[in-house]
Amino acid sequence: MSEKQHKPTQRRLEDARREGEVVRSTDVTSALVFMGMLVLLWQGGPWLLERMRGLLIQNVSAVAQARDPAAAVRQALVSAGAEWILLSAAVLVLVTVLAVLGAFAQVGGMFAPKRLMPQMSRLNPGEGIQRMFSVRNLIGLAIMLFKVACLALTLFVVIRGSLALPLQAGYGRPAAILAVVAHMILLLFGWAAVVYVLMAALDYWHVRFEFFKKNRMSTEELRREHRELQGDPHIVGRRRQLALEVQYSALEDRMRIATAIVFSARHAVALYYPGDGTLPMVIAKGSGESVQRIRQMAEYHLVPTAANAGLAERLHDTVPMDTTIDRTLFRDVAALLRWAEGADAVGNPYVSSTS
């Protein structure tokens with residue numbers, strides 16, 4: 001088998017996508033969720049602390065003033081639990097939305113039923129152990145350990161450099177201590193977010209590299225795909241031949257009624273002039289190999305043929321098929337038609353101002 005050294009084609013990538021194989025990094029989703037939680041903590045932290053403080057004061061006051069302290073404690077626990085359930089539900093909704101957005105941003109809308117179907121090979125213990133200790137999984141384990149080490153080192157450096165502030169705050173008022181703790185938490189989470197983003201970028205690059213490496217194609221696969229898309233070369237050649245035959249058969253019908261042919265080395269144009277009170281129109285034109293074919297048909301049907309490069313080029317480029325000529329071409333076309341109809345003296349060659 002030849003070496004797979006070519007990049008995957010668009011069709012190969014589309015086939016892989018239908019199989020559920022896409023470039024998707026879980027670290028990117030985790031980083032997005034973590035940053036969303038950090039923003040929530042940064043913006044809603046003061047409100048959350050104030051809410052907890054008010055709830056605590058309210059419940060303590062209710063218990064202190066109640067005639068039945070046990071019932072008051074139960075009521076306080078129920079109200080506090082309900083409050084925490086609402087807050088947790090809001091956070092859970094935010095996490096879910098961010099996770100869905102993170103996945104959608106990477107792969108877009110996709111549904112691959114084959115990924116949901118059970119595979120019997122996954123129940124084989126031997127293959128499971130082989131997958132567990134595969135090179136790819138070992139590389140993934142090494143990358144995970146590297147991420148943990150980077151995160152731990154970053155947090156260690158940040159905590160070590162910020163120890164003076166909490167130690168000094170230990171002698172202050174409770175409100176000041178709480179503010180220092182909140183500042184430390186945000187600082188740690190902020191640096192953790194930086195590490196998460198860097199690691200997510202690294203993981204996405206690694207996943208993308210592995211994906212394209214897995215879907216590389218050999219020269220034989222490229223040729224096979226090209227044949228599938230374009231069809232068998234013999235069949236394509238036959239279709240092309242039939243198309244040319246149809247084209248030339250229609251062209252020959254037009255050449256039977258042509259009044260004159262003007263040509264250059266690159267183009268040939270057939271003109272039809274019905275008579276007085278009408279304008280000449282282009283009924284056939286061609287370039288390349290068609291030029292010689294048009295001249296041969298004109299000779300066979302005894303259509304007057306003249307060489308005029310300038311007029312042929314202008315007619316070919318500016319006048320569409322089955323359309324009358326433009327006013328700027330009247331003079332030159334009239335000279336051509338007079339010559340073609342024998343209006344000029346016998347033996348007088350065709351002469352035009354554009355020749």
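Glycine residues also receive a Cβ, built from the backbone N, Cα and C atoms like all the rest.
Annotation source TrEMBL lists transmembrane segment at 21-42 (among others).
Listed by sequence, the residues of this chain that lie at least six past the ends of the transmembrane segment (84-112) yet keep a Cβ under 8 A from its Cβ atoms are 17-20, 22-25, 28-29, 31-33, 36-37, 40, 48, 204. Taken from TrEMBL, the feature transmembrane segment applies to 84-112 (among others).
Tertiary proximity for the transmembrane segment (138-163) is limited to same-chain residues at least six positions away from its ends with a CB under 8 Å from its CB atoms, namely 27, 184, 187-188, 191-192, 194-196, 198-199, 202-203, 206. Positions annotated as transmembrane segment by TrEMBL: 138-163 (among others).
Only residues 6 or more beyond the boundaries of the transmembrane segment (175-207), in the same chain, are considered here, and those with a CB under 8 A from a CB of the stretch are 23-28, 30-31, 34-35, 38, 41-42, 45, 49, 106, 143, 147, 150-151, 154-155, 158-159, 162, 165-166, 169. What TrEMBL lists as transmembrane segment is 175-207 (among others).
With a threshold of 8 Å between CB atoms, the same-chain residues lying at least 6 positions outside the transmembrane segment (21-42) that come near it are 91, 94-95, 98-99, 101-103, 105-107, 110, 147, 185-186, 189-190, 192-193, 196-197, 199-200, 203-204, 207-208, 211, 214-215.
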